[in-house]
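Summarising the annotation, Swiss-Prot assigns signal peptide to 1-25. Positions annotated as region 'Disordered' by Swiss-Prot: 23-61, 1215-1236. Here Swiss-Prot flags 26-1245 as topological domain 'Extracellular'. According to Swiss-Prot, the feature domain 'F5/8 type C' maps to 31-177. Among the features that Swiss-Prot reports, disulfide bond is placed at CYS31-CYS177, CYS332-CYS364, CYS513-CYS545, CYS551-CYS562, CYS556-CYS571, CYS573-CYS583, CYS931-CYS958, CYS962-CYS975, CYS969-CYS984, CYS986-CYS996, CYS1167-CYS1203, with the record citing similarity to another entry. Annotation comment: Swiss-Prot describes 183-364 as domain 'Laminin G-like 1'. Here Swiss-Prot flags ASN359, ASN706 as N-linked glycosylation site, drawing on sequence analysis. Positions annotated as domain 'Laminin G-like 2' by Swiss-Prot, on the basis of sequence analysis: 370-545. Sequence annotations record features per position, and here Swiss-Prot assigns domain 'EGF-like 1' to 547-584 based on sequence analysis. Annotated domain 'Fibrinogen C-terminal' per Swiss-Prot: 585-792, in sequence order. Feature annotation from Swiss-Prot assigns domain 'Laminin G-like 3' to 793-958. Residues or ranges marked as domain 'EGF-like 2' by Swiss-Prot: 959-997. As annotated by Swiss-Prot, domain 'Laminin G-like 4' applies to 1016-1203, with the evidence given as sequence analysis. Per Swiss-Prot, the feature topological domain 'Cytoplasmic' maps to 1267-1288.
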Amino acid sequence: MASVAWAVLKVLLLLPTQTWSPVGAGNPPDCDSPLASALPRSSFSSSSELSSSHGPGFSRLNRRDGAGGWTPLVSNKYQWLQIDLGERMEVTAVATQGGYGSSDWVTSYLLMFSDGGRNWKQYRREESIWGFPGNTNADSVVHYRLQPPFEARFLRFLPLAWNPRGRIGMRIEVYGCAYKSEVVYFDGQSALLYTLDKKPLKPIRDVISLKFKAMQSNGILLHREGQHGNHITLELIKGKLVFFLNSGNAKLPSTIAPVTLTLGSLLDDQHWHSVLIELLDTQVNFTVDKHTHHFQAKGDSSNLDLNFEISFGGILSPGRSRAFTRKSFHGCLENLYYNGVDVTELAKKHKPQILMMGNVSFSCPQPQTVPVTFLSSRSYLALPGNSGEDKVSVTFQFRTWNRAGHLLFGELQRGSGSFVLFLKDGKLKLSLFQAGQSPRNVTAGAGLNDGQWHSVSFSAKWSHMNVVVDDDTAVQPLVAVLIDSGDTYYFGGCLGNSSGSGCKSPLGGFQGCLRLITIGDKAVDPILVQQGALGSFRDLQIDSCGITDRCLPSYCEHGGECSQSWDTFSCDCLGTGYTGETCHSSLYEQSCEAHKHRGNPSGLYYIDADGSGPLGPFLVYCNMTADSAWTVVRHGGPDAVTLRGAPSGHPLSAVSFAYAAGAGQLRAAVNLAERCEQRLALRCGTARRPDSRDGTPLSWWVGRTNETHTSWGGSLPDAQKCTCGLEGNCIDSQYYCNCDAGQNEWTSDTIVLSQKEHLPVTQIVMTDTGQPHSEADYTLGPLLCRGDKSFWNSASFNTETSYLHFPAFHGELTADVCFFFKTTVSSGVFMENLGITDFIRIELRAPTEVTFSFDVGNGPCEVTVQSPTPFNDNQWHHVRAERNVKGASLQVDQLPQKMQPAPADGHVRLQLNSQLFIGGTATRQRGFLGCIRSLQLNGVALDLEERATVTPGVEPGCAGHCSTYGHLCRNGGRCREKRRGVTCDCAFSAYDGPFCSNEISAYFATGSSMTYHFQEHYTLSENSSSLVSSLHRDVTLTREMITLSFRTTRTPSLLLYVSSFYEEYLSVILANNGSLQIRYKLDRHQNPDAFTFDFKNMADGQLHQVKINREEAVVMVEVNQSAKKQVILSSGTEFNAVKSLILGKVLEAAGADPDTRRAATSGFTGCLSAVRFGCAAPLKAALRPSGPSRVTVRGHVAPMARCAAGAASGSPARELAPRLAGGAGRSGPVDEGEPLVNADRRDSAVIGGVIAVEIFILLCITAIAIRIYQQRKLRKENESKVSKKEEC
């Protein structure tokens, strides 16, 4: 809200400041005197009495006269004991006792109060609890202090439960003090105008307070108006109090929108409600009863042109005529104070500051209507009808929250029919049933379950029936027939099927309030019903409307929308980003680190940095790397800012940078991260800062806390140094930034801002000295934050008596606890926090059970999750427990969530006062042995490691994460432990990326090839074949796993060719018809085994996956993760002396069959990805080299992002990286066929000869050694023919 709005409010409330408080309106702070003990017996009354000696006059506390207390004639829930205090008093406490020397006492009761003995209101504890705790014997006294106190003349005690072996018996006392009350009554056509002191004083504090009792649901309570439409108004609208603040004429353009605040509900219940408006400096507090709304008014206190008048009860039209421009207030105001001035007293004394319009009086009339509350779906009220009349006519008013329910049923005379009036979907429906005719239905009204009073009039006579709901009339014509009124009408429900009445309520009974019931032309007096003189009833509360607004205050968090019925409320969390009964639990992970360990790849994600805290989720980019996860928050500022010379002292540029997240969200994300940084790239040409030597900063930046910073990069605060200045390598040593040198050439500074407490940058200001040709530009990068400090924050508990302690957990209305644990023990307490009687505890109760137990005053409650597998398996398990006003829930890992609803109208506040114990209990028993990690309470992370460093028996950190997160490493990747987390080692995988899940793909042009060498490259003569055979004897395979994916439209194609020094080979080809063919030749003296797999034409331009798994002679082939086929080899079981693997065109396929040679000559044109042969990943070795290369590339081979996402087969993708032509990872031309290693060429024949001789001698020696080794090994192989599987 802008300054004008604040000034309006300030001036409107302007009066000399006085020391004043609402208590000072008439009540001393010491208010606990006994009020009932001195009253005469006539001040006590009751529903009934067992005898004259058990009458209500004997119910004073600690008295023994009479029979020693009050006992009713019948002990049931419709009995009551009433006290008349003689005048309105402030009541602060009550006390109860049983009947003296008897077995008669009350164990729980309701307390109700009233001003005039009618229209009773129930006192509720903690805004929801109905009953008060009573006695457990006849003589002990139970006191209960009322918070908050209330003002009343009449009190009623209604027993709810009593000693089952006795009767109801009560002695009572009421404590409090006198209450000062100044009342003014407005009849809906009157008002009071108060003229303020016109002295131009500016008080520090402005206060207006009052109480009101409304007879109608709408009306103006107070109004103040200026000459240009400025005004404040306090208005009752549909039982809610609305505070309007308008700072200007609505007809004129204004940038200041009117402020509207709404508080309270059901305020038209004809009971007193308090209002307090406070203005302290710029802070405005608006309070209705116990509910306060705070808001900060912006601007100063400059005065506007306002009238020094304020009206109460209505808004007078110009000229002070008696005409009112809006609905005026009908009801009473009490103790009306304006900055400590008693306005009512001024009016009663006819002071000149007061002008009264209309019928204003100084006493408050008591309500005349008698409401009836239908407490349950079993409630009903049976009233006699006007038997024999030729019409049916009923009127009444009702209010409810329920969308459906039975309102009225009646039978017509002589069994001629019946009618039923009911609510369905918030609409009123009437159905008339007549013998021999189809039912007649009428619908009227809509949204009638809004808690407001609605008037209903129903009549049926001869040829028509009509229903009027408020102003909505519905008429239904009838066949002319005589309609005779029946004997009994059933309101709210039916007596029961056994009554023989024929009454049915298929939609359930009505829960709500009724009043002003008339049958025919006769008004019904519910007091006669209460006394048993009229009709009958069940589960009613007469002379009281017990409706409550369960959405005030709303327990729905994070913007969830509250809706309610009579018994409960519910929260609609759609679109909030939260879930749960009260929209408390976030749907999103807390950080990119948490997203990563869910197995999510890089991308856009919502994160909720404070979990279930008040800050909402926001969108970020998560960059998943092998070591960590980076959170990237981009700003909405310009990509680049260009600066040119300007007059000296004038800013060249002051650019602000806004972010999609709010300041609080950014602060939470930055605080959560291990490290944050933001890069500034600055380029400058002929720009300089000659005045920087005297310490005057010519450029600065503003962080999230709106503080100005002149330090750049990693420099110390206010050092005015760039990174080059710290490192001492600036281009001009007399300056601390390259761009300060003012060179006549373009220079640059790359600055990394890494002071986490100030990030992100919200503004950058650049100035210059006015050089006409100075020029510069800069680019601010996104905010980058690495990791999550809380995600791996952990502690190891080594003894059962060890624990960590923290301050008490404050989660009165909502408490959620989430953490990870791992253990090998069968039981132990994870956390415990105690109060005087309340407590909360989470424990591993058994190897397969986790239990969440607590007590908020309704008795201990437990929620248990049972698992089919043990939790003590030394793997991480995630626990999330939540307790709120709706109930409790517990979830462990992905097991079904267990829930326990809260009792209706029970205690809701969890009150804890001891220390919070983690890993143990206060008694040092049942302690937890194991690790606890990432512990959060209501979204706030606890630093376990910090506490563990100073706690005996507890160590910071936990080892062994791969047992839980190892599954994230896919496609052959291996999990490696880190101090804080895990990383995936993709060295032996055909994939890379943080989870070894990013496929490595390449486009092969026509005629290109890629060769992977399993052995060092040697050039040997044909005569040395036997020597080579011995040399490569160790590379013998009896099994191999092969995977590849491809996309092509060419046939025939060679997908993969593996050769051997023994002329053995394996080929995977696409035949001319596109079928997949596999050939194994494992014995050079036999023909190859050839297998054709007619799954489909696989040269269709689509991506296909092939997986081949050989175990000796058994080969299993799987295509596209679905089609499978098994074949048996006949040519052998050992693949000896494996030489190389070739993708694409094969120049020489010695000993290959004709089909393989044709495919080898054609090669492969298209995309290959994720190629793996055992531990060898040729594409990865070429495109992601990490050591000496074993790969030779010929022709055009270019990397692709993904085969499935690339261009069509036969053409390379546009986004490809630079192609690999004749080499991988090398610059300059490379001869075709050269291995991708840094081998020196030797052209000297002499040196070559010497080397050849040396190699020959060496090979001979090696062959002899190998032969001896083979002879020894042969004996073992003869004993066991089991082949050893190749391991990576």
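We number each residue from 1, going along the chain as drawn.
Just so you know, glycine gets a Cβ as well, placed from its N, Cα and C.
Feature map: Swiss-Prot annotations on the structure.
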residue: CYS31; record: disulfide bond; CB count, 10 Å: 18
residue: CYS177; record: disulfide bond; CB count, 10 Å: 18
residue: CYS513; record: disulfide bond; CB count, 10 Å: 21
residue: CYS551; record: disulfide bond; CB count, 10 Å: 18
residue: CYS583; record: disulfide bond; CB count, 10 Å: 25
residue: CYS962; record: disulfide bond; CB count, 10 Å: 20
residue: CYS969; record: disulfide bond; CB count, 10 Å: 24
residue: CYS975; record: disulfide bond; CB count, 10 Å: 18
residue: CYS984; record: disulfide bond; CB count, 10 Å: 25
residue: CYS1203; record: disulfide bond; CB count, 10 Å: 25
Sorted by position, what residues of the same chain at least six away from ASN359 (N-linked glycosylation site) have a C-beta under 8 A from it? ASP187, GLN189, SER190
Three-class DSSP secondary structure - CYS562 (disulfide bond): strand
Can you tell me which recorded stretch out of 31-177, 370-545, 547-584, 1016-1203 has the most Cβ pairs within less than 8 Å of the domain 'Laminin G-like 3' (793-958)? 547-584
CYS556 (disulfide bond) in three-state DSSP notation: coil
Maximum Cβ pairs under 8 Å to the domain 'EGF-like 2' (959-997) among 370-545, 547-584, 585-792, 1016-1203 is reached by 585-792
Predicted model, mean pLDDT over the domain 'Laminin G-like 1' (183-364): 80
CYS975 (disulfide bond) and CYS996 (disulfide bond), distance between Cα atoms, whole Å: 10
Hey, what's the Cβ neighbour count for CYS562 (disulfide bond) at 10 Å? 18
When distances run from the Cα of CYS551 (disulfide bond) to each of the disulfide-bonded residues CYS513, CYS545, CYS571, CYS958, CYS984, the nearest one: CYS571
Cα-Cα, CYS984 (disulfide bond) versus CYS562 (disulfide bond), nearest Å, comes out at 46
In angstrom units, rounded to an integer, how far apart are the Cα atoms of CYS31 (disulfide bond) and CYS556 (disulfide bond)? 36
Between CYS332, CYS364, CYS958, CYS986, which of the disulfide-bonded residues has the fewest other CB atoms within 10 angstroms in the structure shown? CYS364
Checking the recorded positions CYS177, CYS545, CYS571, CYS573, ASN706, CYS1203, which are within 10 Å of CYS332 (disulfide bond) at the Cα level? none
Reported in the order helix, strand, coil, what are the DSSP residue counts of the domain 'F5/8 type C' (31-177)? 9 helix, 68 strand, 70 coil
Around CYS931 (disulfide bond), how many other C-beta atoms are within 10 angstroms of its C-beta? 23
CYS975 (disulfide bond) versus CYS986 (disulfide bond) - Cα distance in angstrom: 9
Reduced to three states, what secondary structure does DSSP give CYS962 (disulfide bond)? helix
Closest to CYS562 (disulfide bond): which of the disulfide-bonded residues CYS931, CYS962, CYS975, going by Cα position? CYS931
Would you mind reading off the Cα separation of CYS969 (disulfide bond) from CYS975 (disulfide bond), to the nearest angstrom? 6
Local Cβ density at CYS996 (disulfide bond) - other Cβ atoms counted within 10 Å: 24
